[in-house]
Each structure stands twice: as structure tokens, then as C-alpha cells.
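What follows is a set of notes on a single structure, which appears directly below.
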């Protein structure tokens, strides 16, 4: 019987010799797949869209040509502006009000007088046209952008493509002072190793010379997709991104959408929506034992007293946001009809968003940081394109959605990230909070001065920080 069982035993052991390793391989493979799926970077679906007028054409491919574009003006346009400026009505300000009630109307009359009698729009059009402008059609609308290449590239230096995106109430013009510093760094005392850029600055659709979307729902994710398509159309497979205000949200979405295309993301404002008990505890303990919750002394200086700086001041500065996120067309109608109303609405932001203390100044401190020519050129971009209403609608398309349920709220940012924290920014986000969303922060800089419009106000500081960040990324 023992002898009869031997072949059967041998056969069973042979089966084991095959089945056990196979089972182990199967279990091991499933474990590896599970681990890899957990580690896999989540991304935003790129999707597709149509923002042109009417239904999307069924037949015919979209015209992908890149067309030279030039800003132009006319006597009729300038005469109409002057007529409207001459007919403006003003309400006298309260005594001692400065900018506490908004744009001081006494100072507004001085700005308008300069606008009517001294501002030379034709000259400013020449300034705007000093960089090459282009338009191309993407998803049914014409996208405007400037594309500036370095005139000379020293031997051995690689040129890095950099997409810079503006916000509201700014424009591509915000970058005019920083562009030469990035494309010709040596000429501006910024000889930062081997970093030289070619800069692409698009206008967000609905802003300036980019056509406004004709359909509802155009948000930052749609903008991110369009700008990726733009960079691809220009022949770039990998590129750097930079943004503040809406530009920060758009470029962040771009990094979440196609991380393989983004070499690095540099921001001068960050959005961190994640709240909760841990954040509340962090805020409470931060005032007394900041080191315990990862806050630095500079974080404490910028964040506290917390109620004043993060609730009261934010409420004071965000009234426009509530209007634009609910019924932008109502207020927009008046601004689109009155250049004086438009200037007051826009320039008030360039006062208090540049420096909170400018509230106490009768002139809003505007000319201490910018020239009237610079400020009015930005206003004119909105005026001549009638784009204030469509720019305001961007708030409704984005903020009317529950932020915790949007696609980007559930996706981290894993590309190399640089953050420039300017002290006069509307809100301060410390490094310890930022890294909850931005998982690969390479540089985090406490900037010595400057506010919301960093490229416009402190171009050299911003350029230095961008270059410092890119050098570090290139060395990885």
C-alpha cells in the first residue's frame, strides 16, 4: 500500500511545486498593483470643450494657424472716450474719508483730468505693440497672447519656455516690466547661471484681446486645457508655469491636468481650500506656540491678529467678489458704459491690494508704486475691448460651484513648485499649510516687500525668485 501511494504522493508534490509559486506570484502581483495604484498620481481629466457661438460644427477641423496680431486704435475711439470723460458726474467724498469708502472721488477727478488731457493712448498702443502679439483659435474662440524670445542666447545656455498668466483686474500688460528681465537677464543684473526664458503671456478668454466664451461654464479648468493646447500648438512638450490671482488657479490646474508637461510651477498667490479641525487648532495654537504647529515667526507676523487680518480685512476687500460671483452682468453694464466708473472700480484694487495701509491716503498711494500711464493703460485694455463684463463672469463660473466638490479640490499638485509669499498679499498661506496641497515645494520665499500685483510692482524681486526656483529644479 505504501508503494502504491508513492506515485500519488509524488504527483501531489509536483502539483504543489507549480501551484504554490503561481499562487504566490498572483498574490504578489495583486499587492504590487494595489501599491502602485495607491501611489499613482491623480490628475484632472483634460476633457474637451466648445466656447464658440452656437453649436459646435460637426464637420471641419478647427483652424490651428497662429496669426500675427496688432493692437490698433482710431480717432473715433479716442473721441468717444474723451466725450464720456468730459460728461462724468462725481459725488463729493466725505471729509477725511481717504480710501476707506472706496476710490476717493476728489482724487478720481485728478486721474480723469490726466486721462483726458495728458494720457496718450496712441503712444501706449506703440508700447503695447513692442512685443510680438498673436491670436489662434482654440475650442471655438480666438486666444490672444504675446510670445517674447531672447534676442541673444549665450553659448551653452538652455532657453526655458515660461507661460505667465495674469488675473483680475490685471492683464498681459502686467508682465511688460518683468519680461526683459527674464529674456535678457544679464542686461538687467540678473545673471542667474544658465537660466534664460522665452515668455508666453496669454490673455484669459474674456479678458482683453482674447475672445469671450459664448457658452456658460467657462472656468479655470477649461482655461487650463486651452492654455495646454496653446503651448502644444507652439511646439512645447515641457514648460514652466507662473501665476498669481486667477493665473495661480489656472496654472495650478494645468499642473494637475498634465503634470508630465509641467517642469515647474511658480506662484505668487496660492489657494488652499482645505479647512477642518486641524486647521482651527493650528490657528489657535499658532499665536502662542507657533513652532508646535509648524509656523515660523514670519508666518505669525503676517497672520496675527488672525481675526483682523484673515476675516475682517478679507471681508472688507472681497465685496466685489460677491457681486461678480452672483450677478456680474448687472454691475458690469454700468462699468462697460462709463470709463470713469471702470477706472474707479479697477484702480481701487491697485491701491489696497498693493498695500493695505494705502486706505489711509487721499490718493490711495497709487502713484507711489505705479505711474498713471501704466495704470490707465491697463484700464484701457478693458475699455477698448469691452471686456469688463466677461472678465467679471469668470468669478461666477468658478465660485458658484461648491469648492470642495470640484475636480481640482480632490487632486494634489506633485510637480516641482516654487512659492513667493509677498507681505502685502491679501491673505498669507504658510509653508506648512501649502504643502497639504503642493506636495513637492522646492522653494518657499518670504519676499521682503510687495503685494498682489507682484510682476507689475516688484518685477525684479519676482524675476529673481523665478530664476532661483528654476535653477533648483534644473539641478534635480
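Using the three backbone atoms N, Cα and C, a Cβ is placed for every residue, glycine included.
What TrEMBL says about this protein:
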{"type": "ACT_SITE", "residues": "395", "note": "active site, proton donor"}
{"type": "ACT_SITE", "residues": "452", "note": "active site, proton acceptor"}
{"type": "DOMAIN", "residues": "66-175", "note": "domain 'Epoxide hydrolase N-terminal'"}
{"type": "TRANSMEM", "residues": "17-35", "note": "transmembrane segment"}
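Predicted-model confidence for the domain 'Epoxide hydrolase N-terminal' (66-175) is 96, expressed as mean pLDDT. The residue listed as 'active site, proton acceptor' sits 18 Å from the residue listed as 'active site, proton donor', counting Cα to Cα.
In the domain 'Epoxide hydrolase N-terminal' (66-175), helix, strand and coil residues by DSSP number 37 helix, 26 strand, 47 coil.
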